[in-house]
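Colleague: Let me begin by handing over the structure; questions about it come next.
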Amino acid sequence: MFAPLASASRAASRARERTRSSIEAAEQLVDQAGPGAEGPEGALHEIDGLESSEAEQRLEDEYQPLMSKSAQADQEEDEGQRERGRGYRRDRSEGERSDDVKVKDDHLQLDLSTRKFELGLAYGIFFILGACILLAWNSIIVAGVYFGARLKGSKFQDSYSNFVALTFTTGNLSFLAWANVTQHGADLGRRIWISIVVLIGIVSLFIASTQIEEINPYLFFSVLIATTLVLAASASFLQNAVVALSSKFGPACLQGILSGQGAIGLAVAMIQFVAAYTSFKAEEGEPVMFEAFTSQTRFFEAGKISRRGPVPSVGLRNSAFTFFIAIGAFAFIALLSYLILLRLPLYRLVMRSLGTEDDGERGPNDTASGSKAPNLRKIEKKVRKYGIAMFFVFGVTLSVFPSITSTIQSVNRGPGEDVPLGFTGTLTLPALFNPMSFAVFALGDWIGRIMPQVKVFNFANIKVLMLSSIGRLVFIPLFFMCNTSYSQGTPIINSDVAFLAIMFLFSLSNGYLSTLIMLATVIEPSLDEHEIDTAATCVSFYLTFGLAFGSFASFPVRAIACGCNPFL
C-alpha cells in the first residue's frame, strides 16, 4: 500500500542528494576559479606554474577518464558509488572505518563531482558558442519577411535572398580559408571575442533600422549586402577558433557545438514565427508584444532616410525589433559564457598542456617546443572523403533553401482570397506560412544533430554517408512539385502537410548526416592526435564550400523553376 510513497520518498531523497552535490561542486569550482584563484595560493596560479608535461599528465589523471566514459559507464559508476556509500555506512556502524578515512573519501568524492560539473559547464559553453557560430546566418535568413518588406517594389524584391545567401557563403568560404591558413600561432581567444562583438554591432544596426519608417530600398539592399559580408567574416573566424579549441576538450564538446548550431536555428525560427504572427495581429488592431517599449525608442522616425522607400507596417517593424533584440541578447550571453570558460581550471590545464600562455598568443596547434605547423595538405588528404560527403550535404541544401522553399505557398489559399478564420486558417497566409516552414526546417535540423547522441543512430561508415549525401538530390525535384509561386495550375504535390513533411525530412537528413560526418572525421584512424583539430577545420571548410556552391547553384535552380532571369 505504501510502496509508491516509499519509492517517491527515495526518489526525492536521491534528487536532494544530487542537488546538494551539484551545489557543493559549484561552490568548490567558484573557489577554484574565483577572483582569489589568481593569487599565490590560488588554484589557477598553481595551474599556471605547471610545466606542459605536468599539465598534460594532470588532464589525463583527473579529466580524461570522465571525458571518455559513456553514459552506461557513468551509470555503473554511480551505482558503484552508491554501493560503496552503503558499505561505508555499514563500516562506520561497525566501527571499522576511521574518521580520517571518511574525511578523505568525502574530499575525493567532492573533487570528482566538481570535475564532472566543470566538464558539464564546458559542454554547455561550447553549446552556446556553437549556436553563436550560426547566429549570423540564421538571423539574416530567417528575417526574410522584414527584409522583403524593406525591398518591396525594387528589382531585388524576389531575388534578394539569393544574393544574400551568395554573399554570405562566398564570403564565409574566403574568410574561412584565410582563417584556416593563419590558424597556426593565431590568438584564438581574440578571434572569438572580436567576432562576437562584431556580430553584436551589426545586429545593433538592424535594430536601429526597425525604428526608421522609410528607407530607400536600393540603399537598404546595399547596406544589407555589406553587413552580410561583415557577418560572414565574423562567423568564419568564430567557427575556426571555436572548432579548433573544442577539439582539445574531447568529442563531447564538439558534439555540443553541433547541437548548439541546430538549437539556435530552431530558436531563431520560432522567434521569427512568433514575430510574424504578432505582426499580423497588429495589422488587425490587436496589441503587439513590447509595443510599449518600442514606442519609447522610436526616436529615429523624426528623420526619414527617404520618402521613396516602402513603409513596412508598425507591427512588422516592432516584431523585427523584438527579433533582433533577442539575437543581440544571445550574442552577449555567448560572450559572457566564453569569459567564464577562460576562468575554468580545465581550460587553464588544456592551455598549459599545449604550451600556450594565458593570453593565447599561440593557438592550440602550438607546443611548448615551438613545433612546425601541421602539414595541411597531408591532413586534408586523410579526411577528403568526409569533406566531399559534407560538401554534397550542404550543396544540395543551399541550392533550394531558401531560394525555392521560400516561394512555396499554402495550397489552401489562393491569391486574392479573404483572410481565413481561426489560428489554423491564419497559418496559410504567406506572411505566416513561410516562417512556419522555416521553423519546421530548423526543428528537423536540430533533431538530426542530436540523433547521433543515441548509440543506435551513430555510425561512421563513409560509404553509407557518401551515398546518403548524394541521395539527397531527390529533394530538389520534390520541392519543384510543390506549390511554388511559379506553379501553373494544380501542383503535383497538392498538400501543405506533404510539403511540410518533405521539408522536415530534408532538414532532418541535413543535420543528421552533417553531424555524423563531422564526428566520423575526428575518429578517423589514420589521424594522429595532434592532427584532429586541423582535420576538423578542413571538413568545416568543405562544409562552407558546399554552402557557397549551393548558393551559386540556387540561381540556375531558380531559373528552372520560374523560367525567368534569376538575378532579377
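Every residue, even glycine, has its Cβ placed from backbone N, Cα and C.
Dumping what TrEMBL says about this protein:
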type     : residues : note
REGION   : 1-100    : region 'Disordered'
COMPBIAS : 1-12     : compositional bias 'Low complexity'
COMPBIAS : 22-42    : compositional bias 'Low complexity'
COMPBIAS : 81-100   : compositional bias 'Basic and acidic residues'
TRANSMEM : 121-148  : transmembrane segment
TRANSMEM : 160-180  : transmembrane segment
TRANSMEM : 192-212  : transmembrane segment
TRANSMEM : 218-245  : transmembrane segment
TRANSMEM : 320-342  : transmembrane segment
TRANSMEM : 386-409  : transmembrane segment
TRANSMEM : 421-443  : transmembrane segment
TRANSMEM : 464-486  : transmembrane segment
TRANSMEM : 498-523  : transmembrane segment
TRANSMEM : 535-555  : transmembrane segment
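Could you place the listed features in the three-dimensional structure?
Modeller: For the transmembrane segment (192-212), same-chain residues at least 6 beyond its ends with a Cβ under 8 Å from one of its own Cβ atoms are 129, 132, 135-136, 139, 143, 146, 150, 220, 223, 227, 230-231, 233-235, 237-238, 241-242, 245, 294, 297-301, 304-305, 317-318, 320-321, 324-325, 327-328, 331-332, 334-335, 338.
Below 8 angstroms of C-beta separation, residues 141, 144, 161-162, 165, 169, 380, 430, 433-434, 437-438, 441, 462, 465-466, 469-470, 472-473, 475-476, 479-480, 482-486, 499, 503, 506, 509-510, 513-514, 517-518, 520-521, 524, 538-539, 541-543, 545-547, 549-551, 553-555, 557-558, 561 of the same chain, each at least six residues beyond the ends of the transmembrane segment (386-409), sit close to that stretch.
Residues of the same chain lying 6 or more positions beyond the ends of the transmembrane segment (498-523) and with a Cβ under 8 Å from any Cβ of it are 247, 251, 254-255, 258, 262, 383, 386, 389-390, 393-394, 397, 401, 405, 408, 436-437, 440-449, 451-452, 457-460, 462, 465, 468-469, 472, 475, 478-479, 482-483, 532, 535-536, 539-540, 543.
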Colleague: As a test: from 160-180, 320-342, 464-486, pick the stretch that has the greatest number of Cβ pairs under 8 Å with the transmembrane segment (121-148).
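Modeller: Checked against 160-180, 320-342, 464-486; highest Cβ contact count belongs to 320-342.
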Colleague: Does the transmembrane segment (160-180) reach the transmembrane segment (320-342) with at least 3 CB pairs under 8 A, where each pair is 6 or more residues apart?
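Modeller: By the criterion, they do not touch.
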